[in-house]
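What follows is a set of notes on a single structure, which appears directly below.
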Amino acid sequence: MEKKDLDSTGRKKKILLVEDDALIALMESELLQGGGYQVVTALTGEQALEIFRSSPDLDLVLMDIDLGPGMDGGETARRMLAEKDIPVVFISSHTEPEILAKTEAITSYGYIVKGYSETALFASLNMAFRLHAAHQELLKKKSELETLAENLSQTVNKLLETQRELLNHQQKLQATTEHLEATLNSLPDLLFELDEQMTIIDVRAPRPELLYRPKEEIIGRRISEILPEDVSNSLQFALKEAVESGQGELDYSLDLPTGTRYFEATISRKGENRPGQNRFVALVRDITDRIEAQLEQQKTEIRFFRLFQSMAEGVAIHRLVRNEQGDPVDYEVLEVNEAYTRHTGISREQAIGRKASELYSSGTPPFFREYLECLETGRPVTFESYFEPLKRDFKVTAFPMGEDLFSTVFEDITEKKRAEIELREREGRYRLIFQNTPLGILQFDRNGIITDCNEAFVKIIGSSREALIGFNILERVRDEKVLNAVREALAGRIGYYEGVYQSVTADKVTPARGFFAGIFDADGNFISGIGTFEDFTERYRMESALRQSEAVLEAFLDSPSFSFIFLDPDGAILKFNRIANQRMKGILGLELQVGQKLIDLLPDKFKSSFTASLERVRSGEQVRVEREIPVAGGSSVWYEFHLAPVYASQEELLGVFFSAEDITDRKKVEESLRQSEERFRTIFEYSGAVMLVIDPETGNIIDANYRAEEFYGYSREQLKKLNINNINTLPPDRIQQLLSQARDRQMNYFVFQHRLASGEIRDVEVHSHPIIFGDRKYLLSIIVDITVRLKIEQQLKRGMEEKQAILRELQHRVKNTFALITSIISLEINRTGKKEIRAPLESLKNRIISISRVYDMLTPGERYQEIGLDRFLGDVSQSILKGYAAAGIELELELEPVNIEVKKAIPLGLIATEIITNSLKYAFGNRKKGEIRVKLEKLDDRLALEISDNGAGLSEDFFSSPSSGLGQEIIKALAEQLEANLEIKSRPGQGTSFRLTMPA
């Protein structure tokens, strides 16, 4: 097992103890030496620095914070750590957060509060040593990791470079493989791999129907087992040729289900000749079309001459003419058909045997460059040209015939050209309309695929033209109404769509209307479809706004507060809402009816005034009147009536809008407000408090009462000419900010300094609240002079601070005294070996520690006479358990938060100390495990403290026995002092329970 007090060489660890109290230093030194440490003691910070610098073998510094006059513990530790990394553990009776924070900023190896147990001390020292060792190990590991990271970085860079090279090679290999695969896939030929015994090893068949048997039936079998004997023999002969020369060829035919097919095969040996082990690749091409073409050629030649003569197009056969150097310079006519004469006016006799340059009198052979291109490329050439000698447009196609022969087919397209020019002009006009119309236009085929569209349609859909061309409406559009409209067009009917269209190719929603129609030929076959789309977003918005407006108007007309009646220009009722009819029945006992004159329903005394009001409205005025209307029971109601003209245009009067509002409650409120204003004025003038009315926007003083005149020394008229900035000593921008806060009710209580007319500055308390006059919001400010009160409060505050300083000093001295007493008792305990002497000293030490815990928890302040009983009992219980080093005994705490007076907390702490100490001494005997339970709960107006164990229990005569000891006497006496009810329950083998119940 590791010795905590020895270093790695087996030497005892050396501790520098810095403590200004010699007696405490002596006790702590003996305690540390008893724990197996070497100890060097210093009584001042300066002495500690000298020892530290002259003793390089120090392992730890145990530092008191208060070292008397001179350098304190914090500064001493800071200087030591600046010279050497060494664990420093602070020891002090201070528990203030600021002291703890100060030491934490210096080092964080530990902080021990005086009054500690031996177990806690040695545990803290061991933890400090472990933390320091871990810190040193961490620094070492960090250095090793940095070196490792640098080496790893270089290795990774090399690996990445290698990886890039491999990836580049892999990409090139993949590209080559893909190219080869694509080449093979593009070949229409059959590809066989064979061995020298003509066994088929592999087959690639882009057209499986060309195989004599299915692929799966021929792989692994010999050709002689599959193909007819004559074909097999021919292939075997070609294979032998390939063995010898590397390549063999043959042609053959097979009768397949699709008919007779003709093939040519090339067999190539793979690599060098290795007799008996050669592999071959056979490339087999279907030449059926070519063979059949050759067979047809003979028939074609017969038909050709007939066709040649009967063709509507002019046809001529030519031969190229070369000079002595072999260069082509002209061509001659070998044969022409009858249509040639019709198109050119040149007879067959005139044309045959003539050179083109002579025949057409052009000096150079016409279209010579195009015909040379045809012969050189071996491909037909088609072109259109205007032939000046004949004044005609021709479409000419030249075909190569081999050996400098070529034929030309030409068609007179003069009329067609004229028609095309006219068509292009018309198409240009239509295209201009197509592209510039505000309507979206699309063209689609029989499958519903868009083949063209204009920019207006692209804009409506919100996509791009590229995304729309090729778009299949029938497959991709989800709007059923659009699909139905397109289907109608495909069926020969006009399809119509109107709605809000959700674009498929773009995230756009467009209100649109569209028509779809099909174009059919004379036989009823569908040629193309046309769709026109109109974006009516603005109309849709207007309609939506109109619907919303109508809904709002309808809701407005159904108002439960206002009566609405719409009259025609003559006063006849056109429309009314429900509340208007209800009020008419409730007040006058009549019902409104459309078409009836409203004046006929009114009481006689209102008819003349209504007629006059109606005339004013007809002339363009708006009329507002208030009327008091008597009702049954002798009471009356007030109504406010509005009459306004409604025009269809600027001059045409559509009708009169008549509205009525019950303002009976408002009239009552106005009367109440009038009375309230009178009361407010009385309070404002005669309350005896200083009052100002201030405009929060400008800061101007609007009004002031007579007490304000007396306080500020200004007359009321003078105050009403001042701004609050003239009185308040704060900067104007800050005053304006606070006025806004008071106006918005964000803050209504302030403390300011106000300047009087005499120049004197007074401290004032201001209560400022918003009030409303008319349509304006003002601040009513009540000012209280608190100058004298503030002076008294400052005096009281200074006195309180002085008392708290004295209390902190007294508390510190008491805690030091407890620490001194505990140290003296510990010295006596360490120096005596007699158990009968050590036991009472240990009990006395625990009692003193229990009392000292109270002072550890006291915080000077408003409630310094109280402490948290739950925290206090928890600390005391844990401290006793650590002091006894009872490793197998578990402490269970159930403590409700309770604050209690110090004078009650001390007796409770002593009682808990006695009970827990007795449990640890006697309850468990030689048992390795046990449990002590401390429970604190608040029961209405009483407190209950229960301490129990699951130990051996007490005998029935224990409490009556005179040997029960001083501890039991202390418990009973303190319980009586607290006016607590003490219950003790114990049975042998089942543990003991102490329960105190006392007033809260």
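Keep in mind that glycine also has a Cβ here, set from the backbone N, Cα and C atoms.
Nobody curates TrEMBL annotations by hand; they come from automatic prediction.
The DSSP breakdown of the domain 'Response regulatory' (14-129), given as helix, strand and coil counts, is 56 helix, 23 strand, 37 coil. Under the heading domain 'Response regulatory', TrEMBL lists 14-129.
TrEMBL lists D64 with the feature 4-aspartylphosphate. The Cβ of D64 (4-aspartylphosphate) lies under 8 Å from the Cβ of V18, E19, D20, D21, G73, F90, I91, S92, each of these being in the same chain and 6 or more residues away along the sequence.
Remote same-chain residues near the coiled coil (131-165) are listed as 60, 85-87, 109-110 (criterion: CB distance under 8 Å, separation of at least six residues from the stretch ends). Taken from TrEMBL, the feature coiled coil covers 131-165.
Per TrEMBL, domain 'PAS' is recorded for 176-246 (among others). Per-residue confidence over the domain 'PAS' (176-246) averages 84 (mean pLDDT, predicted model).
According to TrEMBL, the feature domain 'PAS' maps to 426-490 (among others).
The feature domain 'PAC' is assigned by TrEMBL to 619-675.
Within the chain carrying the domain 'PAS' (676-719), a Cβ under 8 angstroms from the stretch's Cβ atoms is held by residues 725, 727, 732, 735-736, 739-740, 742-743, 754, 756-758, 768, 770-771, 776-785, all 6 or more beyond its ends. Feature annotation from TrEMBL assigns domain 'PAS' to 676-719 (among others).
What TrEMBL records for 809-1000 is domain 'Histidine kinase'.
Counting residues per DSSP class in helix, strand and coil order gives 37 helix, 11 strand, 17 coil for the domain 'PAS' (426-490).
Mapped onto DSSP helix, strand and coil, the domain 'PAS' (176-246) counts 38 helix, 13 strand, 20 coil. In terms of DSSP helix, strand and coil, the domain 'PAC' (619-675) has 12 helix, 30 strand, 15 coil.
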